[in-house]
Every structure is written in structure tokens, then in C-alpha cells.
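Have a look at the structure below before the remarks.
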Amino acid sequence: MRTVRQRWATGWGRALHTSGSAPAGSSAESALLPEMGQLDPKVAAAPRRKYLSAKYRVVGKLFQQAENGGYLAYRKPAALENPYLDVQARPRVDGATGQIVYQGTPRLSVTRLLTKQWCELRTAYDLYSNMPLFESKAMRIGKRAHRKLENKLHGASDAAATQALERLQLAVPVDPLHRLAADWAGAIDRMCTLFQKGEARELLCHGYISADHGAFVEGPVREDSDVLVSGVIDHLVLTQRGGGSPLSALQPERSLQFPSDMAELVPFLKDLGERRAAEWEVVVGDIKTRKYTQVPSQASVVETSRLQVMYYRRFLEDLGADVDKAYEKLLTNAQRRGLDVDAPLAAGSAISVMEGIPQLGADMLRLVRGDPIGFGPFDSYNRYAAHDTYDFTQHAALLQDQPELQKYAVFFGQWKTPFNLRFLAARMAQLYGCIAPLLSNTLLIEYYMGGECFHVNTFKYDAAELRKHCEDSARFWFGKREIEPIEPTIRNVNAYCKFCDYKDICLWRKEAVLGWKSLGEELRGLP
């Protein structure tokens, strides 16, 4: 019988190791490292000290070698040389079904691909620790800043949905299926907002890379070794092509009448994009929050920030290149998460979408009646599919003696076509297709401090540079190269190691320092 690796990706995977996967932090053995108990009290308050202790135990068990005096080695652990399979996804064969199941997360994110954002050795230690990053005060401030910007632009939609649910005494389930549905509905809302208000925030995108050769998957996703990579775009701006500032958003809703029905809005936007392609462009940007009004000085941090935005732009371009393929890629995205794209969504989810995204109201009526929505692949599938009963009759009692809620009555019955992820994927794919023709080669990094943007870095999209980075990152993730730490120069060690959790137990840093001392002694001995 073939191993999981051979079945998962014939030709590139190594034999599945019986030692299997990196241990989780909660069950790590107490392999204490030399500096344990000597953490700097200034940076190791109780929660952080506890976090570091747990992480050190796990990483020490995997990387510590007696011959190194307890310092952490800078090569991948033996038998765990494929970070994606051994640590991230952790596949195994289900004894009962013979199917491959994943104990971990069988996908990556754009930020996960940026292995050299700081030092790849630190990235590897964190990865193999199997522990989430410690949420620092700076990270919490950054999240709040992002949320504030998002709510300022998109908060009205969320508020409308919340109010409707409260009036109807309904709730949206919080399971993975409904969380993804909410995210996809949010993406639809954001793409509509982009064209109407000239900007959007926190838009989902994704792509696939091949584990076989590390390249972007441009056609259909057919192999398990085509790995899903997801991302969230901080900021998109619809602006005048060749204008003075890429952050000067157009506001088309002031001069154009947008259809309120998605079936009419999609062709309207497609035609609008084609007619205005010479005048308009969509600029993709990322937001970085800072403690001070200073941009990062480390070259690797600046470079990977640029690459991060390039990935987003590339994924948007791929998703918009072929609407039918984008639809299939979205369905695959959900299926890779173990979700059923045809599973009916709860009544609360349907009401939330109708209220939060008015453009989908007419679509909901089409689903109730079993009418086509005007997207071929979706309509063809539902023409022949046998659906389970999708019935909201049990909620009809909520409307009694509430005349202001009677507009929902038509939905509180039996639906001929269920509201599900497949439907949301259809509309998402079509809207991605409206954005792609307008994508700009100018990209942005916006630096914020205290809620204000103090610097904007503009640069050009470089497809060749991105392709090279993707292939290099894939070689790390899929076990085709070793860890590549920072260059062991005095400047680098001073800049990168100072804030590293592993600085006192890192063999790479120790050897670099000893090398400088040895060199200094040799220089002093010169005549």
C-alpha cells in the first residue's frame, strides 16, 4: 500500500515517517534549554514567560543537540524535513475508510509564504513549535486599527444585518461552514462597495501553488498537491489611471445609477470596466501599523511587504481571468476546508445576507422560486441536482403581529434552490471578473501610527520577482531546501537578533559571534 505522501503527491513527497509530526505545545516534554529560567524580566511578564517556556520546550526537543551544548541547531529535524506535511497539514490514512485525512491545516496563507520576512530560522522555530504567535500589545493595537478602518467603510452593512437578526430573533451559527459563508458574503459586499464608493477593505483572495515545482497553478486545480494559499487584502482603491495620488478614490455612485439586482449589476460592472479601462484602475495596498512614525529599516521586512501585496494582486488577476475557473477554485477552497458546498445555510445566515447586501435580495427570491440566477455553471448544476428540503416554515411564527417584518414572509417557506456556499461562490467569481481588467501595476504599502497614515510606499508589480519568490518559498515548505538564516554579519545580528525569542539559544547566532571574535584575534596578530 502506498504511503500518505506517495498518494498525496507522487513524485515529490518523501516516505511518511512513523515519527510523524511535531509535538504540540500542550504535550511537550520538559527538555529545558540552557537559558530557561533566565528570561529578561523586562520582556517576560507572566503570560509571555509562560508562553516562551512552553515554546522552548517543544523547539528544544526537536532542535536541541547535545554536541551543540544545548543550543538550537539550524537544520530541519531529521524525519521532519517537509514542514508542510510534517507540521502544517499532518496527513494520515484513515484506517476505516482508507482516505487521507488531515490532523493539521492543509493550506497556507500569503503571510506563511513570507518565510524570510525577519529571519527564516526564527520562522522555522516558530513553525515547528506548533504554537500561535504571542499576541503582543503592538499586535493588538494593529488589529484595532485595521478593524476601525474596516468598520468606517463597511460597518453600515454589518449593522443592518445585526438589526434584522435581532428583530427576527434569529442568529447566525458560528460553525466553520457559516463562518466561511459570512466571509464570502462579506467579500461580495466589499467588491460592490469598491465600484460604488471607490474603495474596499479586507477583501478575501486566494490562489494555489504546486508542491511539485513551486509554481502558481494557473489552470484548473486537479491535484491534492496543488496547495491552497489564502489572503486578505487590506485596501483596494478605484482611482484615476495616471492620477496624482493612488489613494484618491473615485466615487462612481455620485454620478452613476447602479442596478440594485446582482443579476443586472454584474453585466453593468463588466461593461463599465471595459469602457473605463483606459481611465480607471484598481490599486491594491497593504496597511502596516507602527509604534512610531518611522518605516522599517530592515531590507527583508521592506522586501517581503512588497511581495505580500504582489501575491494579492496576482491572486486577484488569476481569479478574474476566467470566471468559470474562479467558481471552481472557490468550491475547491471550501472543500479543502472539509466543508460541503451544497449544505443548506441557516435562516439567520440568509436574512443576514439579504439585509447586509441588498443587491442579493432579488437573488434570494430566485432561489426560493427555483429560478436561474444567470450564471451558467451554477444554473446548470441546480437544474439536475437533487436537493434536500430547504424549508424555513418553522420560522414563520416570528412574523405574527409584526407588520414591519412581513417583507420576510416569502422567505419563510420552502425554497426550491437552497442558499449555500455554491451560490455565494457563483456571485464572488463574477465580481472578481469585474475587478481583474482594471488591476493596476502600481501597488501600495500604507504605514499608520495612531490611526493616521504617515507614509505611503508605492512600487510596481514585478511578476518575475514574485514567481522567483514563490518557487523559493515552496522549496522550503515542501522539503526541497534547508533553512536559510540571515547572513551572519554584525549588522544583521544587531538588527535581527535583538528582538528574537531565540537569541540566547540559537546556534547560528552563537557561531556568528564566535566567528567575529576569532577573526578579531587573527587581525590583531597581523604584523
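Cβ atoms here come from the backbone N, Cα and C positions, even for glycine.
Per Swiss-Prot, these features apply:
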type: TRANSIT; residues: 1-23; note: transit peptide
type: BINDING; residues: Cys119, Cys497, Cys500, Cys506; note: [4Fe-4S] cluster binding site
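Feature annotations (Swiss-Prot) mapped to structure.
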| residue | record | DSSP (3 states) |
| --- | --- | --- |
| Cys119 | [4Fe-4S] cluster binding site | coil |
| Cys497 | [4Fe-4S] cluster binding site | helix |
| Cys506 | [4Fe-4S] cluster binding site | strand |
Beyond the site residues Cys119, Cys497, Cys500, Cys506: chain residues whose C-beta lies within 8 Å of the centroid, for [4Fe-4S] cluster: Leu121, Arg122, Pro485, Ile486, Val493, Tyr496, Tyr502, Lys503, Trp508, Arg509
Quick note, Cys497 ([4Fe-4S] cluster binding site): same-chain residues at least 6 apart with CB under 8 Å of its CB -> Cys119, Lys503, Cys506, Arg509
Please work out the number of neighbouring Cβ atoms within 10 Å of the Cβ of Cys506 ([4Fe-4S] cluster binding site), leaving out its own Cβ. 24
Considering the binding-site residues Cys119, Cys500, which residue's Cβ sits among the greatest number of other Cβ atoms within 10 Å? Cys119
